[in-house]
Structure formats: structure tokens, C-alpha cells
Amino acid sequence: MQNTKLLLTSFTFVGLLALAGCSFPGVYKIDIQQGNVVTQDMIDQLRPGMTRRQVRFIMGNALLTDTFHADRWDYLYSLQPGGGERQQERVSVIFNGNDQLVSLSGDFMPGVSRDEALLGKDSGTNVTAPAQEAEKPKSEVPAKPGSLLDTIQKDIDNVETVPVPTPEPLDTSPQ
């Protein structure tokens, strides 16, 4: 009886020690995204002099509009991958008294799209095409007079160029 009790206690103690050495499997954590997703393509579309409506159309509603600085909109985006470190991006858009875009600042690189930033400009893959002889340009043969090709060429030569109209600026005054 005494030996059985001692044996049972020792097996329990050894079992608990073995379990203490094992780690518990991690719990799955989802990615947490918050705020406005602002892509580099959106930033590239912004131009000085744009109205608030045009900026809102491109960027969406601002996450923060400062009550003390009504001419400033802040776009925040944060991503925390499950179990990873939180990453945050910020873009501030500033307007003048005429509600026109004056400047922007924040976490972006002009001219580099998000895809290029993630993938890199050079993927490291080199592809060489087989060498081919350069084609010699064919000499242009004039169309036969009265043929369909001659008629089309005459129509193209007689086309009048028309200047492209510039759009009127949007009226931003209250009605």
C-alpha cells in the first residue's frame, strides 16, 4: 500500500514535470487593420489647387479632422499582423483659406507605388531573349491612286486639329 502510494505519487510528479517542459500551442490571432487605406497611387493623383471635394473623392473621408486646425485632414492607417508588431502610416493634407490643397506630408515616397515598395524595383530575375536579326524596315510603297488605302490616307491628311478644351474650375462657394 505504501509502495503503491509512493509509486503513484512519483509517476504523477514525473508526468507533471514532463508537461511543464511542453509548450502550449499558440492561439491564432487575426490581422487587425484600422483607419483609411491610403495607397501611393492615391497620393500620386493629388495636385496643388485641388478642392476639398476632389481630395475627398480620391482619398475618402479623413479619419481625423482637427477642430483647432480646420484646414488639415489626417489619414491614419495601422496594421497589426496576428502576433506581429504594429505598423502605422500617416498622411496629412493641408488646405488654404480658399479650400484648395496646399501641401501634404506623411509616410509616403513620391513616385513609388506600394507594389514596387513591397516587391522591389528589381526582382532579381534576369531573362535573356535569344538573339534575333534586326528586321530591316520595309520601304513605304505609295498607295495606288483611287484605291481604298489612298482614300483613307487623304482623309487622314485633311483632318483638322481641334484644341482640347480646359475644364472650368469647380465652384466651391456655398449656394
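Every residue gets a Cβ built from N, Cα and C, even glycine.
Since this is a predicted model, take the numbers as computed values, not measurements.
Annotated in Swiss-Prot:
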SIGNAL    1-21  signal peptide
LIPID     C22  N-palmitoyl cysteine
LIPID     C22  S-diacylglycerol cysteine
REGION    117-147  region 'Disordered'
REGION    156-175  region 'Disordered'
Long-range Cβ neighbours of the region 'Disordered' (156-175) (under 8 Å; 6 or more residues past either end): 51-54, 98-99
Across the region 'Disordered' (156-175), DSSP labelling yields 2 helix, 0 strand, 18 coil
